[in-house]
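Asker: This is the structure, below, for whatever I ask next.
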Amino acid sequence: MIRLIALFVMLALPASAEEIVLGLSRDQVSITATFEGSEILIFGAIKRDGPVQAEGDLGVIVTVAGPDEPVTVRKKDRRFGIWVNSASVDVDVAPTFYAVATNRPLSEILTFTEDLNTRISTARAIRSVGATVDSAQNFTEALIRIREQQGLYQTLPTGVSVVEDTLFRTLIPLPANLTEGDYKAEIYLTRGREIVDFYVTDIPVQKVGLERWLYNLAHDNPFLYGLMSLSIAIAAGWGASAAFSVFRR
Amino acid sequence: MQIYLPIAEISVNIFLLLGLGGIVGILSGMFGVGGGFLMTPLLFFIGIPPAVAVATEANQIVASSFSGVLAHLKRKTVDLRMGTVLLIGGLIGSGLGIILFNYLKSLGQVELLVQLCYVVFLGMIGSLMFIESLKAIRNASKPGGSVPKRRKHNWVHNLPFKMKFRVSGLYISVIPPLMVGVLVGVLAAIMGVGGGFIMVPAMIYLLGMPTKVVVGTSLFQIIFVTAFTTMLHATTNFTVDVVLAVLLLVGGVIGAQIGTRIGVKMKAEQLRIWLAIMVLAVCGKLAFDLLVMPSELYSLGTGGHS
């Protein structure tokens, strides 16, 4: 709380104030039938009223987070000679996508307590309350590891390039297996490992066109969707046999 | 070229899917099998979530069996009465199968169930077929060949609720065909297969149906059971991916016609032995995955216990 007040006090002082001015290469991401992944360019400048007076090194942190969802992490164990799922941990909140890009390794530009409060690092962005297994941490680590392999969780320690302590830019790659929803881009400015300003903006990620229509139909009107799938199948089967009986003659 | 599958929510190479459909189509045309038991594990291998693979494959089987049954109806080799009895059993079985599937899904064991079913059934059918075709090849080389078996009266003929099946020339109880139907229905729901590979031997050996009506009748039953299964998966799990189904269909339809032409040129025993080897290979790969320690012990599932 004191830290928060301190932050406001700092922002209120015009002489030392540093503010983020932001630009995005795109304000929404569309998942089309041929979606192969994408990337998003986040760039901006640090606005100052006067010459640089703040002490400590400048840090820029950019995070992009997908919608939160609960996840069940299961572990395989050997039972009767075969590997089966046994223990499981429910993770209450895990972003479906999470990227952290910084201009230098996170620990050099952010204090541990600030990380705890703002939940910037990937491990902090995941919350599991009421885990019943002793080794719950192994499960959340596995979650991060698996999603990192899928390109869904990214830590880019030198992903942000800063020019003249004023301009910054970063490129966040988005994989093909994105979940749709409102993505949140957050930009933090730190001085001497304390946050001096931050900026939040939404980037909606949506299926569009046929993909959106099919997905909505399958979930909103599953009976009709099922009938449609079946009639396509029957039409195809009939068409194939008709076409080839003509072909044979 | 990649294509994004709206329900599976992954991006897959379009030519890979067309190719898979084509190869399985060729095989099913060559051997006269549905191909579901090959396609579903192949879909697992390329990373389609098992629940989506099983549901979508059920939808695809509707198409291929519909195409097949039309030809059999023209030749009048479908026992509609027997088909209906098998179908009633099949619908019950399919419903039971979906309940079991969804229950195990909530426990996180559905993949295990599907894989175990595949290992057990593919192993059984594959080895039986392998042994039988080896015998057939050996007998064919000997003069005289095999002695035709006489149809015996077994326990099947002592059950109540007898019914006349004119096309098959049978007068038997409805209980055995109902049971066969239930079993096939459960398998259709769990494994995403038509179940022809179980039903055809059961019809010949257990029910004593004449071989010429067996395939048409089983196709007739499979259409309705897989259609019902598709609807159940679509409405309870939302896992039928129509884009995936269409891509597999296109490849499958073309492949099947090519396969039929290749099949005509090959000897029946040789065909059977190759099919047996293939079935055993798929079974071996699935068993291997269960027995060997996986490189990643952890897996992710959708949250909560729903």
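Sequential numbering from 1, following the chain as shown.
In case you wondered, yes, glycine gets a Cβ from its N, Cα and C as well.
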Asker: With TrEMBL as the source, which of B:36-57, B:80-101 is set down as transmembrane segment?
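Answerer: Of B:36-57, B:80-101, TrEMBL gives transmembrane segment for B:80-101.
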Asker: Using Cβ atoms only, state whether the transmembrane segment (B:113-134) and the transmembrane segment (B:213-232) have three or more pairs under 8 Å that are 6 or more apart in sequence.
Answerer: no
Asker: Under an 8 Å Cβ to Cβ limit, what residues of the same chain, 6 or more beyond the ends of the transmembrane segment (B:238-259), are close to it?
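Answerer: Result: 3, 5-8, 12, 14, 17-31, 35, 39, 48-49, 51-52, 54-60, 63-64, 67, 230.
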Asker: With the transmembrane segment (B:180-206) as the reference, find which of B:12-31, B:80-101, B:213-232, B:271-288 contributes the most Cβ pairs under 8 Å.
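Answerer: Checked against B:12-31, B:80-101, B:213-232, B:271-288; highest Cβ contact count belongs to B:80-101.
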Asker: With the transmembrane segment (B:12-31) as the reference, find which of B:80-101, B:213-232, B:271-288 contributes the most Cβ pairs under 8 Å.
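Answerer: Answer, by Cβ pair count: B:271-288.
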